[in-house]
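K.L.:
Starting off with a structure, shown below.
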Amino acid sequence: MFPQIWGVIFLFTPTVFSELFKDPELLAGFYQGDIKAHPIRTRNGIVNQIYHWPNRTVPYMIEDDAFADSHYREILRAISIIEENSCVIFKPATEMDFPMALVITSKGLGCNTVHLGYRNKTQVVNLEIYPLGEGCFRIGSIIHELLHVLGFEHQHVSQNRDQYVSIQWKNINPQYNINFVNNDNSTAWHDFDEGYDYESVMHYVPRAFSRNGQPTIVPLREGAENMGQRFYMSEKDIRKLNKMYRCPDHV
């Protein structure tokens, strides 16, 4: 029997959520699955501009021999999607840019990011090799990690999440409870007046960190058909990014 919530049947097929209970964004054992350094408690997007990339520009380097040509091109496609929908620019890093640059590698387990936002030090994104369209090489998973780099946290821990989702603590593996603690009254981060977004590419899948195969995140309102999708930036993702980086022609 498929879980049915608000008249929506969630069909967790391999083409939608490959390896549902082995999602590579959750595998590495870091904070919230894919953030190595425990961040400031957040709402969803960072407000303080010291954590925004200077001049809206991210110098990046894709490690030599880390990826096949097809995977390299998919990373560039994800970068292009962000650039086309905002004023943020990713530019190949030079020696002058280091150590304040982004390094994209495939040496570790899963898909993960060292820090949220700009931290005046080298930022690293790991994308474990999977076939294109699966695991870390779902286009939305690459975008997800790049949005962490730009300053986004996961949607399900936003300050107002309890109005939109019910966290099923009984179904969560207890060692991962910290990954579901929300941001309470943090003022360091903001939703940029866009509100909660079930469709965000930053939202967990409904059964993230489940101990028993049952949902850990249950939507309380309609419109959650695509919760946890990894295919595209949602309209709210795009608007939040543009507001965060004060993009004059995109807000």
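Just so you know, glycine gets a Cβ as well, placed from its N, Cα and C.
Keep in mind that what you see is a predicted model, and the values were worked out from it rather than measured.
Take a look at what Swiss-Prot says about it:
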BINDING   His144, His148, His154  Zn(2+) binding site
DISULFID  Cys87-Cys247  disulfide bond
DISULFID  Cys111-Cys136  disulfide bond
DOMAIN    44-248  domain 'Peptidase M12A'
SIGNAL    1-18  signal peptide
K.L.:
Roughly where does the domain 'Peptidase M12A' (44-248) sit in mean pLDDT, to the nearest integer?
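P.N.:
Value for the domain 'Peptidase M12A' (44-248), mean pLDDT as a whole number: 92.
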K.L.:
Taking the Cα atoms as reference points, how far is Cys111 (disulfide bond) from His148 (Zn(2+) binding site) in Å?
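P.N.:
Cys111 (disulfide bond) to His148 (Zn(2+) binding site), Cα-Cα distance: 11 Å.
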K.L.:
Looking at the disulfide-bonded residues Cys87, Cys136, Cys247, which has the shortest Cα distance to His154 (Zn(2+) binding site)?
P.N.:
Cys136
K.L.:
Cα of Cys136 (disulfide bond) to Cα of His144 (Zn(2+) binding site): how many Å, rounded?
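P.N.:
With the alpha carbons as reference points, the distance is 10 Å.
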K.L.:
Could you measure between His144 (Zn(2+) binding site) and Cys87 (disulfide bond) for me? Cα positions, answer in whole angstrom.
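P.N.:
The separation of the Cα atoms works out to 17 Å.
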K.L.:
Which of the three DSSP-derived classes (helix, strand, coil) applies to Cys87 (disulfide bond)?
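P.N.:
Once the DSSP labels are grouped into three classes, Cys87 (disulfide bond) ends up as coil.
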